[in-house]
């Protein structure tokens with residue numbers, strides 16, 4: 001079970017680093033609420049250019065939604081970490097693991113859809129002269145998205161939840177037969 | 001069952017598109033290596049002194065892409081197996097193990113070896129041609145599949161025990 005140990009360490013490390021990054025992003029978004037707004041931004045919402053007066057609201061909404069997606073990822077990794085802890089205790093087919101896998105699957109699929117929609121409706125540039133380097137919204141969403149990966153991983157976790165349910169049923173049958 | 005069907009559909013689309021893209025790239029690279037002009041705008045920064053290195057890198061790229069496509073094929077096989085209610089079979093366990101090994105090796109090659117060579121070679125076809133950037137590529141995913149292989153092995157043993165116990169029970173009755 002050496003693989004499980006290495007996997008456990010990596011999973012704990014991922015959780016800890018994500019916790020630090022979540023705090024860091026939280027502070028960053030909070031500072032945007034308190035700081036004065038720079039008027040150099042170019043913001044489009046559903047293809048329409050946003051007027052200067054309401055630009056800050058749109059920018060903050062976008063940032064809060066992105067933070068929400070990241071927090072959801074963090075929650076999914078927390079659930080996954082709890083499953084890994086159970087695995088380390090040699091508990092594989094447990095009702096809590098089945099429920100957690102289902103939740104992780106739903107989170108990954110939801111985030112995939114959310115990122116897809118955010119990318120379509122928001123276009124935020126840090127400067128009026130639009131270039132690739134000023135594309136703030138795409139670069140943020142790119143960091144949150146793993147191309148197709150999150151959708152596949154999401155469905156895979158949902159499938160795993162069903163498979164583990166089947167295994168638990170078999171285990172219970174086994175115990176009843178004894 | 002609907003979830004498995006959706007996953008099966010996604011994996012099938014991914015597998016066939018990877019196969020198609022891989023074949024197109026293989027043909028383009030082959031023509032490129034033999035110096036046949038296909039009319040595609042390319043910019044190559046590579047010294048002619050290191051021709052062997054260029055062939056080696058392209059060969060590794062091709063091998064890596066092929067193994068990755070193969071891993072998606074194995075994943076597709078497992079999902080088909082799940083669709084037929086065959087969850088804990090030897091085939092599923094071996095497939096998960098092979099996939100795990102492929103992703104771990106892929107991650108090591110991608111993060112350690114490729115960046116070293118990237119300074120020496122750049123072939124640009126005018127669009128994003130990073131063939132090594134795959135959706136499921138990652139150390140954690142690789143190890144996760146290896147763990148899954150172990151978990152499925154345990155479940156398979158339990159199932160076997162279950163059948164044996166049932167047979168014993170029936171014989172006793």
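The backbone N, Cα and C atoms fix where each Cβ goes, and this holds for glycine too.
Just so you know, TrEMBL annotations are computer predictions that nobody has curated.
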The annotated transmembrane segment range in TrEMBL, which must be one of B:134-152, B:153-171:
B:134-152
If TrEMBL is the reference, give me the range from B:77-95, B:96-114 marked as transmembrane segment.
B:96-114
